[in-house]
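So that you can see what the record holds, here are the features copied from TrEMBL:
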{"type": "TRANSMEM", "residues": "20-37", "note": "transmembrane segment"}
{"type": "TRANSMEM", "residues": "192-212", "note": "transmembrane segment"}
{"type": "TRANSMEM", "residues": "250-269", "note": "transmembrane segment"}
{"type": "TRANSMEM", "residues": "290-313", "note": "transmembrane segment"}
{"type": "TRANSMEM", "residues": "319-338", "note": "transmembrane segment"}
{"type": "TRANSMEM", "residues": "350-369", "note": "transmembrane segment"}
{"type": "TRANSMEM", "residues": "375-398", "note": "transmembrane segment"}
{"type": "TRANSMEM", "residues": "419-439", "note": "transmembrane segment"}
{"type": "TRANSMEM", "residues": "451-472", "note": "transmembrane segment"}
{"type": "TRANSMEM", "residues": "484-504", "note": "transmembrane segment"}
{"type": "TRANSMEM", "residues": "535-554", "note": "transmembrane segment"}
Amino acid sequence: MTKLLEPGYTLAVLSDIKRYNIFFFFFSLLQFFKYVFPDGVDTVIVKVNSEKNFPCSVMSIQDIQCPVYDLDNNVAFIGMYQTMTKKGAITVQRKDFPSNSFYVVVVVKTEDEACGGPLKYYPLLPGELIKRSLDTVGRCRQESLSSVEEDDYDTLADIDSDKNIVRTKKYLCVSDLARKDKRVLNKKYQIYFWNIATIAVFYALPVIQLVITYQTVVNVTGNQDICYYNFLCAHPLGALSSFNNILSNLGYVMLGLLFLLIVLQRDIIHNRALMRNDINALECGIPKHFGLFYAMGTALMMEGLLSACYHVCPNYTNFQFDTSFMYMIAGLCMLKLYQKRHPDINASAYTAYACLAAVIFFSVLGVVFGKGNTAFWIVFSVIHILATMLLSTQLYYMGRWRLDSGILRRMLYLIYTDCIRQCSGPMYIVMFCNMFMYRAAYGLIKRPNDFASYLLAIAICNLLLYFAFYIIMKLRSGERIKCLALVCVLFTAVVWGFALFFFFQGLSTWQKTPAESREHNRDCILLSFFDDHDIWHFLSSIAMFGSFLVLLTMDDDLDTVQRDKIYVF
């Protein structure tokens with residue numbers, strides 16, 4: 001025997017004995033059916049028939065337990081299920097259900113695309129809620145909803161939470177990309193700090209051991225060609241041949257520690273505001289996650305330590321000691337800039353550090369094999385261009401893209417709509433990123449001898465361009481820069497200018513022979529103790545600290561602005 005589920009729906013359970021009466025079912029009452037296996041019956045077939053193709057439905061067979069998963073977004077969590085239009089059937093075996101019984105649940109989906117149908121809406125007919133309840137499941141609409149109470153219809157929360165809907169809107173606000181639980185995100189970004197602390201320990205210990213060995217070899221053998229000092233301003237202390245070059249790196253460590261203390265103070269103030277349920281802390285401004293700031297401060301301190309290690313005995317074999325955490329700092333700053341307006345979709349710590357490790361790996365390969373090696377430069381340029389294109393795509397589509405046969409067609413359409421006709425905010429990022437394809441071509445043609453410095457220049461130029469882009473877009477969006485942040489920007493720019501001047505003085509170079517390098521040596525210029533490169537250390541540490549302060553304070557003007565009014569770019 002067969003019973004109606006609803007007008008147009010029937011359900012029957014068939015066994016090898018007979019056809020069973022089942023039940024009378026109203027979807028509007030959110031009921032479901034429990035079936036108990038009769039004695040001697042091991043297998044049954046559950047069938048559902050409908051007079052109409054749509055709306056699309058899901059039939060589910062679930063074990064007897066609570067809760068029953070009877071919603072569109074959870075019906076597939078347990079048991080067996082299938083989508084259906086006019087017919088559905090599931091074979092059920094007794095051995096799969098220890099209780100010798102099961103629930104039959106039929107859920108009408110909110111849209112028909114899962115069954116191959118169009119996305120359509122079914123009109124709300126209040127006078128026929130019982131007679132045609134199936135026709136009213138889903139999001140019901142009329143010409144005007146101004147007189148309808150919120151509780152009278154399904155709000156279809158998926159449209160506010162589905163990544164493919166939220167992240168592909170034409171105009172995004174920070175509220176669209178700050179939906180994840182704050183505690184989860186805080187833990188995610190704290191991993192940046194703990195990971196870089198672990199990396200620092202395991203990286204620094206063998207480095208210290210190695211440079212001590214270098215210095216010992218120099219002292220024992222007396223071979224002054226092993227290390228490339230500025231011999232006209234090299235002040236020894238104990239076993240160290242050029243203590244002044246080591247001491248001048250103290251600024252990185254001290255200013256890195258100071259920045260950590262400033263971040264800690266802000267973190268404490270913000271947490272106290274959250275405990276008071278301060279509306280500005282909860283719903284206004286750029287979401288505050290301090291994990292990356294802690295990582296940046298730690299990286300600045302490690303840059304000082306490893307730069308000091310490099311200057312114990314500077315030469316081409318340990319130059320990566322001086323640059324490794326410069327890559328880290330540049331990468332973390334770019335991640336922090338991106339995180340400000342994209343907190344939900346920023347890269348994980350593991351992915352970020354893996355990419356930075358790949359950069360350092362290529363830096364080492366370039367130093368060892370890159371000089372005059374055309375094959376290496378071709379491989380590097382191809383990888384550089386592909387990585388730039390992938391990063392551009394990831395930034396533009398907010399992570400919602402796929403690689404398939406239609407990607408070329410979509411790329412051409414993208415160039416036409418967003419570049420030829422008009423430039424949207426994300427497209428500016430793509431254009432900035434792709435500018436560095438020309439830098440890759442320059443490297444392939446010129447093939448500079450100092451590959452590590454070339455790679456570092458790419459990272460720094462990327463960071464500076466992203467900084468400029470962020471500030472321009474911020475002003476273009478009608479936001480302003482507070483006085484403190486503006487002072488930091490101007491001060492940092494001036495200090496960077498002076499720092500670079502001293503950096504390019506070139507007091508020594510391991511790209512030449514030790515004898516040729518000494519031709520560039522100069523006398524001390526500060527306190528008869530420090531040379532031009534030492535001043536570069538002093539000024540660059542101040543400039544990096546200022547850059548970090550810019551990142552920390554640049555969006556203070558938004559602390560009282562609702563997040564749904566802050567644009568994403």
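Numbers here mean position along the shown chain, with the first residue as 1.
Cβ coordinates are placed from backbone N, Cα and C, and glycine is handled just like the others.
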Interface-richest range of 250-269, 290-313, 451-472 toward the transmembrane segment (192-212), CB pairs under 8 Å: 290-313
Stretch with greatest number of CB pairs under 8 Å, the transmembrane segment (350-369) reference, 250-269, 290-313, 319-338, 451-472, 484-504 candidates: 319-338
Residues of the parent chain within Cβ reach of the transmembrane segment (319-338), under 8 Å, 6 or more residues beyond its termini: 192, 196, 203, 207, 211, 292-293, 295-296, 299-300, 302-303, 306-307, 309-311, 346-347, 352, 355-356, 359-360, 363-364, 367, 395, 452-453, 455-456, 459-460, 462-463, 466-467, 470, 510, 544, 547-548, 551
Beyond the flanks of the transmembrane segment (484-504) by 6 or more, those residues with Cβ under 8 Å of it: 471, 532-533, 535-536, 539-540, 542-543, 546-547, 549-550, 553-554, 556-557
